[in-house]
Amino acid sequence: QLDPFYASIILFVGRAWDAITDPMVGFFISKTSWTRFGRLMPWIIFSTPFAVISYFLIWFVPDISRGQVMWYLVFYCIFQTLVTCFHVPYSALTMFISREQSERDSATAYRMTVEVLGTVLGTAIQGQIVGKVVTPCIESPLFIGKTNSSVAMEELNMTHDTGLLTDTRNAYMIAAGVIGGLYILCAVILSVGVREKRESSELQSDEPVSFFQGLKLVMNHGAYIKLIAGFLFTSLAFMLLEGNFALFCTYTLGFRNEFQNILLAIMLSATLTIPLWQWFLTRFGKKTAVYVGIPSAIPFLIMVAVLDSNLIVTYIVAVAAGISVAAAFLLPWSMLPDVIDDFKLQHPDSHGHEAIFFSFYVFFTKFTSGVSLGISTLSLHFAGYQTRGCSQPSEVNFTLNMLVSAVPVGLILLGLLLFKLYPIDEEKRRKNKKALQDLR
């Protein structure tokens, strides 16, 4: 029952705080001493229980008339910080379980397949549990006429019915409990089943490097900046599509009861095609995979905006989008270790910056997410979006069309143009591998 404006403020401040904590956590990890569990694993083990508690409290409705905004803001920021303490070392583990490029590429493919599968599972759990509680939409007086404004008030009062609110709150709490349990289960499997190899780990610097010195080193590495620049725009394209897809299905296409299934079709398609992209990049190279995989969704995004509303066409577009999403999920994480290898060759006396590379990569991903949220919220606000309305003005439908079609297509094309500057092709990658082996 919070005002949507306050909900947007909570999300924006939480994302901004999250962006600050990513490089900070990466720096502290790079200074962590070796333990019997490794250097990265203690961060994952000790952050997990607190992250689950804070996640549960995000979905809890406190019995206080004032201070709810502060409650959600505080626990959202705490949760984002604790997830960072999990995600940065988890991502960086790829560098510390093997020195072989092929083994790291394979580990990345497995990791991203299961991450997408986890997204499918989370979407299904949250959607199916919460979706069981029917929350009626609100007819706006703008659409039903001022003479019938009492009917609108009656609808509004009905949605505030205490019994319905209690059912909705309970549904969210159950979903949070199930997902929290999965979080703990997966963290246990990770901590028991994965071991860092001390000889692969180069986290400990020969000489202490300050946070800003480390930041300057990694941000002056040309290949890293070019990789980030290319994927910044393609990531923004897919986040805009993801963030507005439910509203697009509900209002523009008119499939109010289908969007959960359409979203599942996208994520299942992505899960099943990640192994295909792993084979493709091994066979034809990673840059080729970028140029083939990421723009493959463009014709289908144009199709869904141009053609009349059709459920079959929408599912076809969803599957095609999933194939492209798989490439966008896998390729950035598969290419980052190549950039770090290139950095090591250019700075052979500088060690221990792997976690900083990964943390800033996570930072830019979350920064893109925040930009996507801001663009979507402001665009829909100025278009006259009616919160939980049964229908929307034509300007909102036009805006949603732009946010899931024209804008993502433009961003993907811009990202691909920038990506032409990325210098590490397959020949360069093989030379770096040979040079690193000789150096060792």
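All residue numbers here begin at 1 and follow the chain in the order shown.
Each Cβ is built from the backbone N, Cα and C atoms, and glycine gets one as well.
Bear in mind that TrEMBL entries carry predicted annotations, made automatically and left uncurated.
Positions annotated as transmembrane segment by TrEMBL: 40-62, 69-90, 171-194, 223-241, 261-281, 288-306, 312-334, 355-382, 402-422.
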(message) Can the transmembrane segment (288-306) be said to touch the transmembrane segment (69-90) if we require at least 3 CB pairs below 8 Å and skip pairs under 6 apart in sequence?
(response) no
(message) Cβ under 8 Å, sequence separation of at least 6 from the ends of the transmembrane segment (312-334): give me the contacting residues as numbers and ranges.
(response) 91, 94, 105, 108-109, 111-112, 115-116, 227, 231, 234-235, 238, 241, 249, 253, 255, 258, 262-263, 265-271, 273-274, 276-278, 281, 286, 289-290, 292-297, 299-301, 303-304, 361
(request) Count the CB pairs under 8 A between the transmembrane segment (402-422) and each of 40-62, 223-241, 355-382, then give me the winner. (result) 223-241
(request) With a Cβ cut-off under 8 Å, give me the same-chain residues at least six positions beyond the ends of the transmembrane segment (223-241) that come close to it. (result) 290, 294, 301, 321, 324-325, 328, 331-332, 335-336, 339, 342-343, 357, 360-361, 364-365, 368-369, 371-372, 375-376, 403-404, 407-412, 414-416, 418-419, 421-424
